[in-house]
Amino acid sequence: MLSVTRIGPRAFPIARVSLRAFASSARSPLSNIAELSKARLSSLVVLTTSCGFLSAGLPLYVSVPTLVGASVGTALCASSAGTINQVLEVDRDRKMKRTRHRPLPSGDVSISQASMLAAATGTLGGTVLYLTTDPLTTMLGVGNIALYAPIYTLSKQSTEWNTWVGAVVGAIPPVMGWTASGGSLMDPECLFLGSSLFLWQFPHFFALSWMHRKDYAQGGFQMVPVNDPTGERTASLISRYSIYLSALPIASTIIGMTNPMFAVEGCLLNGYLLYKSRKFQQDKSNQNARKIFLTSLWYLPCLLGLFILHNKNWDDEEREGVLTEKVKMMKEKGLEYCFHEKVDAKDLCPVPHSKEGSSKKDEKEVTK
């Protein structure tokens, strides 16, 4: 009689390897392109570029073609950079568990095919940006390809400062969105957007690289967690940049760029991130690092969404359009959840008191 224990546990590792090999060989061309282009990273790039553009508060009917062009062009440039990154790192990717099944290490795609894809997407991305936006945005998009690959990619092999270089790369897409809307690099909104993405990447990436520090070491990458056996430096950097992030909503309110409620909501967001950072300092486990990483995934869209909502560009009476009206409706909807309907906190709120709230205040004053 065949033993269950003989065909069970011992057979499972072989089955897993066979399934992985089958999945790799069964990938469609579109799946390979998405993997080479780092589709999830490109989607984040599109999100941040769009947020940068929408922060300007332009009328929707005027801005849609430029918004689409900026988003598509930036995504294509990001695709090109991601593909070049994998071409340059193919040998190192073969050594890492999390990357050895990518199209190049697995042999599904040749280096020449990947190089042609990178050239095509880079050329098309630069062309789309040039035709739909402006020379500055185009220069930023094409320049970011060079900054990501080869500069950032090659620096990962030689210095821990690669994370700071990569943070600059990630900070450029929202800046491109802002310049595509007609803004300047020195506008406070542009500085806020770029700073937010730059600082956000440190808690995000240091948490990720701590979880995969053994894998990065196997690939020969010079990451802070790889050279930090105790985790003290990693935890310190995560906490430090989380604190820096906390200052941005307050600073944007002080200079009058956003309504005061953005500072209040920003403090709540950053308070939770700081709490998770503190937990990691106390216990440098993969589990706590993963919690920081997962927090960073919803933190960024929340922060950017609130920035768009509370940005004073939407309060300009001369700006009309469908999108402007939608933002105003969202602000009015916020009245249902805002504490200023129950307390006298009018100066803290980005939207006017509702009629009900105003009548209650008037009634209170009459009673006095």
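Every residue gets a Cβ built from N, Cα and C, even glycine.
What TrEMBL says about this one:
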- 41-62: transmembrane segment (TRANSMEM)
- 68-88: transmembrane segment (TRANSMEM)
- 109-130: transmembrane segment (TRANSMEM)
- 136-154: transmembrane segment (TRANSMEM)
- 161-179: transmembrane segment (TRANSMEM)
- 191-211: transmembrane segment (TRANSMEM)
- 243-272: transmembrane segment (TRANSMEM)
- 292-309: transmembrane segment (TRANSMEM)
- 349-368: region 'Disordered' (REGION)
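Pairs of Cβ atoms less than 8 Å apart link the transmembrane segment (292-309) most often to 191-211, out of 68-88, 136-154, 161-179, 191-211, 243-272.
Contact check: the transmembrane segment (68-88) against the transmembrane segment (161-179) gives at least three Cβ pairs closer than 8 Å, residues 6 or more apart, which meets the contact criterion.
Taking Cβ pairs closer than 8 Å, the transmembrane segment (161-179) reaches residues 45, 48-56, 70-71, 74, 78, 81, 129, 133-134, 136-137, 140-141, 143-144, 147-148, 151-152, 155, 185, 187, 189-190, 193-202, 205-206, 209, 221-224, 304 in its own chain, all 6 or more past its ends.
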